[in-house]
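Enquirer: Pulled from Swiss-Prot, these are the listed features:
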SIGNAL    1-30  signal peptide
DOMAIN    31-76  domain 'WAP'
DISULFID  C34-C64  disulfide bond
DISULFID  C42-C68  disulfide bond
DISULFID  C51-C63  disulfide bond
DISULFID  C52-C90  disulfide bond
DISULFID  C57-C72  disulfide bond
Amino acid sequence: MFSTSDQVSKMNSRILSALLILGIATCVIAGGFCPKSRHPQCDLSYKINDCCAQSDCRVGSVCCVEGCGNVCRAESDTPLGEKFVDGSECKHGHVFPKKWYQFW
């Protein structure tokens, strides 16, 4: 049969495995907030969107709404900026306002 040291060893490995999985899940779920906007106001007559979904950004970055367009920023632990909502209307690249003849 098994000795008590084998049973303790198996129990310890199961506990460590569970803690490891919990730790990894916490890292994946934690954070994910946008930091404070660097440029809340934009002086340009157009916007430049570098991202239109969270999947457009690298791991550890978040698609954030800035004054001059959406940009990928490093994740923050506190929600100080505005995170882009996947599924919202968005166009990559330079986005110009309506042409003068489209206002009427």
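We count from 1, first residue shown onward.
Just so it is clear, glycine is given a Cβ too, placed from its N, Cα and C backbone atoms.
Map these features onto the structure and tell me what's around them.
Expert: In the three-state DSSP assignment, the secondary structure recorded for C34 (disulfide bond) is coil.
All protein chains considered, the CB of C42 (disulfide bond) has 13 other CB atoms within 10 Å.
The Cβ of C63 (disulfide bond) lies under 8 Å from the Cβ of C51, C52, A53, Q54, D56, C57, N70, V71, C72, K83, F84, each on the same chain and at least six residues away in sequence. C63 (disulfide bond) carries a strand DSSP state (E or B).
A coil conformation is recorded for C52 (disulfide bond) in the three-state DSSP classification, outside any helix or strand.
In the three-state DSSP scheme, C57 (disulfide bond) falls into the coil class.
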Enquirer: Could you check what DSSP calls C72 (disulfide bond) once collapsed to helix, strand or coil?
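Expert: In the DSSP reduction, C72 (disulfide bond) maps to strand.
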Enquirer: Can you tell which of C57, C72 has the least company, meaning the fewest other C-beta atoms within 10 angstroms of its C-beta, among these disulfide-bonded residues?
Expert: C72
Enquirer: Report the same-chain neighbours of C68 (disulfide bond): residues 6+ apart in sequence with Cβ closer than 8 Å to its Cβ, ordered by sequence.
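Expert: Once residues fewer than 6 apart are set aside, C68 (disulfide bond) is near H39, C42, L44, K47, I48.
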